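Participant: Copying in the features that TrEMBL gives for the protein in this structure:
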{"type": "TRANSMEM", "residues": "A:44-77", "note": "transmembrane segment"}
{"type": "TRANSMEM", "residues": "A:89-112", "note": "transmembrane segment"}
{"type": "TRANSMEM", "residues": "A:118-135", "note": "transmembrane segment"}
{"type": "TRANSMEM", "residues": "A:163-181", "note": "transmembrane segment"}
{"type": "TRANSMEM", "residues": "A:212-232", "note": "transmembrane segment"}
{"type": "TRANSMEM", "residues": "A:239-259", "note": "transmembrane segment"}
{"type": "TRANSMEM", "residues": "A:265-285", "note": "transmembrane segment"}
{"type": "TRANSMEM", "residues": "A:292-312", "note": "transmembrane segment"}
Amino acid sequence: MIRSTHLPLLITIATFLLAFTLCASQYPAMLSTRVVANLLTDNAFLGIAAVGMTFVILSGGIDLSVGSVIAFTGVFLAVILRDTSIHPLVAFVLVLAITISFGAAMGAMIHYLEMPPFIVTLAGMFLARGAAYVLSTDSVPITHEFYDTLQSLYWKAPGGGRFRLTGIIMLLTFLAGIIVAHRTRFGQNVYALGGGLSTARLMGVPLARTTIGIYATSGGLAGLAGIIFSLYTSAGYSLATVGVELDAIAAVVIGGTLLTGGTGFVAGTFFGILIMGLIQTFIVFDGTLSSWWTKIVIGGLLFGFILLQKGLTWATTLRRKPATEFAAQS
Amino acid sequence: MTAHVHNTLRRITPQLIILAAVLMLNFMVFPDFFRIEFQNGRLFGNLIDVLNRGAPTALLCIGMTLVIATRGIDLSVGAVMAIAGAVAASLAVDGHGWQVALTGALAVGAICGLWNGVLVAVLRIQPIVATLVLMVAGRGIAQLVTEGTILTFLDPGLIHLGAGTILGIPTPILIWIALGLAVTAAVRKTALGMLIEAIGINESSSRLAGINSRVLIISVYLISGVCAALAGVIVAADIKGADANNAGLWLELDAILAVVIGGNSLLGGRFSIIASLLGALIIQSVNSVILLSGMPPEFNLVIKALIIIAILVIQSPTVKHALYILRASAEPQPAEPIKEAKESPQ
């Protein structure tokens, strides 16, 4: 039997399949492996950031700093590769260490100072974007042979589609995210935290460690997304990826995760990303629609999925109502 | 009456101190900061600039304070600004007068607010999600109105709203002060403010006490939408054009910050519009300090972030609690209960 908690996920997948079928029936060329491969490559950085966002939202928090951290990572890599002769892999480790500690610091502020995540990560968003400006206000190109090697790594599928390394890293991140969320103590703690702070405390969930861990994960994944983005664009620019946090939040919500926390799936976010990517691909294929329709359609989808979740919660509480009817009336 | 004024003063003391400190910082980096001149029939000076440039954030935070007091949040105000600016500009371009353009923009803002309010109050969607819909879709709608271009207009009446003066004072300053006073009077001279606070503290119990929370919540979002529309018109009038992409970009975050710096809890309840407006002025003064100090503009955001973090840490519940314990333990024991009794009616 299908459990009601799985329904949003199933509906997201159904929406994606339906949308893809509709698109493909209008433009048969969409069925090619090229389109599928590009869908993965173009949304790789967003997908990785959205995995971190899923954990944050599952815990009942929010992370507004994601887009700025991605931009900071790109600029940091570009500047450090331009000015020093260290190997990109060392630079990757360095930047991941910075972004993980940045996330951990935000988590610590949220937990120990009892401040709302919204405000703390908002300040983090300003700080990371500001740090990117300080490093460089220009778009700095990255020219390193190691980058060329990484960019030339792909698996050519029949039909001409190129499944690049970045897309594969995104898939691996999602896989790892699913395993961590459902098969580890940390994942269970995240769900418990999203279910309610006081209940989690009574259950013996280590609140400090979990909160810091969640925001460190989100920061680290934003850093990884920044690395992928720099591979995608071969440059670091401090004005890049403005508003990506909103796209990530939208993908998480479209993927069926409740913004109140506690309910949702990392896999749902994956299909949320694919749906958003599909809308853009369709607009490119169509050619006559203006780019702003993307925003309007994504807003409409958001609304649809929120209504759906609302309807589901309403339906499930309605079934239980007879027992509590008196309490509800009084 | 004097007790009331005394309470208000006491409530806004931290904000006044922070504002004074930031203004002194301004004075230190730029000694002419407080000089105000009257030239060509209008007031000039850095202080006037702070008041003038802070107008959009100030307008937004009037509505935002009420929304946050009901335990909500309105993320869509930036997008609503863009829509309202676009509507005003397109009406002006079509040859309508500024009255029609302004009314049209305000009506659109009211509709946006109504949409948010219905989602929150009737469909019972979490405010942050409900307003996210319009935040994402809003800029798309604004671009739909401007057809992707920056619509410029030359209607002198409309431009006057953003760049003109009345009796030598720039119009935006008068608009936000008048609206701030009007809304403060509306919520404090009637029971409205108390009802809004009751909803923010506990919605179900306020409903049981007979408060029509649904209508009140909808009207709070409606006010926020109208404030945003007014801010959008001012921003558009200031540059004589509607920029759907950049008008009001990230201003919702500034407005929320202003409310938080104003000492209002994001968890709803007790609120003070005056303190929020002071918060907006603090943010604008911080911007001005960075500009006037002549530091490279790259450092703007970093400094702003650090100052904001400092202000937030000072106001965080944990630090406040630690300070309270420090103060209480420093005082002689018998004084404590009296102090507590004084504290409670505040």
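Heads up, the Cβ atoms here are built off N, Cα and C, so glycines get one too.
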Participant: Any contact between the transmembrane segment (A:292-312) and the transmembrane segment (A:239-259), i.e. 3 or more CB pairs below 8 Å with pairs at least 6 residues apart?
Facilitator: yes
Participant: Out of A:89-112, A:118-135, A:163-181, A:239-259, A:265-285, what stretch is closest in contact terms to the transmembrane segment (A:44-77), meaning most Cβ pairs under 8 angstroms?
Facilitator: A:239-259
Participant: Test the contact criterion for the transmembrane segment (A:212-232) and the transmembrane segment (A:265-285): 3 or more CB pairs under 8 Å, pairs 6 or more apart in sequence, then answer yes or no.
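Facilitator: The transmembrane segment (A:265-285) and the transmembrane segment (A:212-232): touching, no.
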Participant: Taking pairs 6 or more apart in sequence, does the count of Cβ pairs under 8 Å between the transmembrane segment (A:163-181) and the transmembrane segment (A:89-112) hit 3 or more?
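Facilitator: Touching, no - the transmembrane segment (A:163-181) and the transmembrane segment (A:89-112) miss the threshold of 3 or more Cβ pairs under 8 Å.
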Participant: May I ask which of the stretches A:89-112, A:239-259, A:265-285 has the most CB pairs under 8 A with the transmembrane segment (A:118-135)?
Facilitator: A:89-112
Participant: Restricting to the same chain and to residues at least six past its boundaries, which positions have a Cβ under 8 Å from a Cβ of the transmembrane segment (A:89-112)?
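Facilitator: 61, 63, 65, 69, 72-73, 76-77, 80-81, 120-121, 124, 128, 146, 207-208, 211-220, 222-224, 226-227.
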